[in-house]
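Taken from TrEMBL as is:
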type	residues	note
DOMAIN	94-299	domain 'ABC transmembrane type-1'
TRANSMEM	9-27	transmembrane segment
TRANSMEM	98-120	transmembrane segment
TRANSMEM	136-160	transmembrane segment
TRANSMEM	180-203	transmembrane segment
TRANSMEM	279-306	transmembrane segment
Amino acid sequence: MLRHALSGLAGNVVLLAGLSFLVFVGVDLLPGDPITSRLGPTATPERIAAVRAELGLDQPVLTRYGDWLAGIVHGDLGRSAAGQPVTELLSGRVGNSILLACLATACLIPLSFGFGLAAARRRGRPADRAISTGSLLLLSVPEFVVAGFLVLILAIGLRLLPAVSLVPAGSSPVRHSEVLVLPVLSLLLVGLAYATRVIRAAAAGTLRAPYVEFLRLSGQSERTILRTAVVPAVLPVAVQIWLLTGVSMIGGAVLVEKVFGYPGIGELLVTSVQTGDLAVVQALVLVLGGATLAVLLIADLAMVLLTPRLRTGGGAE
């Protein structure tokens, strides 16, 4: 187990190093000039050259990448086009986005497990068809479209919730819980659809397994079979899909946060791309990539930890 964890960690470090280079060079090649965005179109060439030298943008790309990488090691992600440290820009917004993802995942876990098991136990019946059809419909719709429908129904139609998730400066979304409902619900519905279908498929396969048929023939009740055979078999798959869905929620939050004006990293990323603030875009893409790799490693370790034959090395080859 320890060797598997260390191997995965080493592989992720290599991937993150490669990702950092691709992010830096790729973003550097994007159209747009962050200096012009900062100074405006009326800036003189001399002023532009001075600011470019101040930010180190007059250096070759590999030199700037080395300086950027050295700064990351020391916790310095550079400066935005407005001259503000990127670390300060991200500090509060990262927490806001994590809050969204955690709330959506916390709701996702019991709901997807319950719906998935219920559909598997009633395979082919109306309840199964309703859950399967509903989840398929939600899977075919992007998060930002779901967000738009929720705004139309709950905010504009029923006037139950605010249509935008604006938070007063210096305040926290936790103190204004009503602004969290629609963004969390938008992320939850699409994630719930995917997780429910995966758990339903895993549970249905287990319920048709020969050893489960043997338990039925031996007189075990369906409730006992579910608790002692189905849940332990489905749990490794469920934990992995919950973690992977959490990662996808971070990606979905990019557009959902922009739709609602929620102060997270997704809204900041879209705004930074629109304004050509390359330093912020580079930092955000690196943070999102690093978070994705970390969760993928945790999901892999969780699968090994919860599956005895993998933990003992029986299924490692």
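Cβ atoms are placed via backbone N, Cα and C, with glycine included.
Whatever TrEMBL says is automated annotation, not expert-curated.
Highlighted: of the candidate stretches 98-120, 136-160, 279-306, 98-120 has the greatest count of Cβ pairs under 8 Å to the transmembrane segment (180-203).
Within the chain, the transmembrane segment (279-306) has long-range Cβ neighbours (under 8 A, six or more residues past its boundaries) at 1, 4-5, 8-9, 12, 15-16, 19-20, 23-24, 27, 30, 34, 68, 72, 77-81, 86, 89-90, 94, 235-236, 239-240, 243-244, 246-247, 250-251, 265, 268-269, 272-273. The list of residues near the transmembrane segment (9-27) in space but at least 6 beyond its ends in sequence, with Cβ under 8 angstroms from a Cβ of it, reads 61, 64-65, 68-69, 72, 278, 281-282, 285-286, 289-290, 293-294, 296-297.
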